[in-house]
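Undergrad: Sharing a structure below in structure tokens format, with a few things to ask.
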Amino acid sequence: MSGVHGLSEAQFATLSEKAIAAKEAAYCPYSKFRVGCALLCDDGTWVTGANVENASYPVGICAERTALVKAITEGKMKFKAIGVATDIVPPASPCGMCRQFIREFAELDMPVIMFDNDGNHVTMTLEQLLPVSFGPGQLPT
Ligand SMILES: [Zn+2]
């Protein structure tokens with residue numbers, strides 16, 4: 001355990017590999033902008049996703065939400081890390097909608113690790129990406 005962003009070296013390497021590989025599944029005939037996402041679930045399993053576009057552009061869905069929707073509907077509700085990979089340099093960060101979507105299911109200190117096309121990465125916590133956020137705890141019970 002090296003403590004790479006709270007992950008073991010092996011977990012970090014797998015996160016990188018899976019996020020980058022997930023780009024292959026992207027359906028992006030319009031933007032040609034491939035995005036891959038890998039989630040490390042609390043139980044040690046992995047879920048991946050890619051962006052899926054639509055001829056009606058706003059209907060498309062990002063890789064991060066694809067992965068989260070897959071995970072949540074498989075009963076995986078807690079996550080240790082999320083990795084996002086694109087083909088650009090420097091790394092791209094999740095869009096605002098995805099940041100809020102992630103916020104529903106992740107702790108504020110969860111690492112969001114962004115990989116670029118040159119083997120570099122940037123890590124930020126969810127709270128850094130979405131400060132002063134609104135989450136489930138703000139709703140009256
Ligand atoms: Zn997004």
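Using N, Cα and C of the backbone, Cβ positions are placed for all residues, glycine too.
As annotated in TrEMBL:
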type: DOMAIN; residues: 10-137; note: domain 'CMP/dCMP-type deaminase'
type: BINDING; residues: Asn51, Val52, Glu53, Asn54, Ala55, Ser56, Tyr57; note: substrate binding site
type: BINDING; residues: Cys62, Cys95, Cys98; note: Zn(2+) binding site
type: ACT_SITE; residues: Glu64; note: active site, proton donor
Undergrad: Let me check the 10 A CB neighbour count of Ala55 (substrate binding site). How many other CB atoms are there?
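TA: That number is 8.
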Undergrad: DSSP-wise, what's the residue breakdown of the domain 'CMP/dCMP-type deaminase' (10-137) into helix, strand and coil?
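TA: When I sort the residues of the domain 'CMP/dCMP-type deaminase' (10-137) into the three classes, I find 43 helix, 33 strand, 52 coil.
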Undergrad: Say you check the Cα of Asn54 (substrate binding site) against those of the recorded positions Cys62, Glu64, Cys95, Cys98; which is nearest?
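TA: In terms of Cα distance, Asn54 (substrate binding site) lies closest to Cys62.
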Undergrad: For Asn51 (substrate binding site) and Cys62 (Zn(2+) binding site), determine the Cα separation and express it in whole Å.
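TA: One finds 4 Å between the Cα atoms of these residues.
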Undergrad: Checking proximity to ligand 1 here: which binding-site residues out of Asn54, Ala55, Cys95 have their Cβ closer than 6 Å to it?
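TA: Cβ < 6 Å from ligand 1, in sequence order: Cys95.
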Undergrad: Whole-number answer please: how many Å between the C-alpha atoms of Glu64 (active site, proton donor) and Cys95 (Zn(2+) binding site)?
TA: 9
Undergrad: Which residues of the same chain, at least 6 positions away in sequence, have a Cβ lying under 8 Å from the Cβ of Cys62 (Zn(2+) binding site)?
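TA: Residues satisfying the criterion: Val35, Cys37, Asn51, Pro94, Cys95, Met97, Cys98.
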Undergrad: List nothing but the one residue from Val52, Cys95 whose Cβ has the fewest other Cβ atoms within 10 Å; the candidates are the binding-site residues.
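TA: Each of the binding-site residues Val52, Cys95 was scored; lowest Cβ tally within 10 Å is Cys95.
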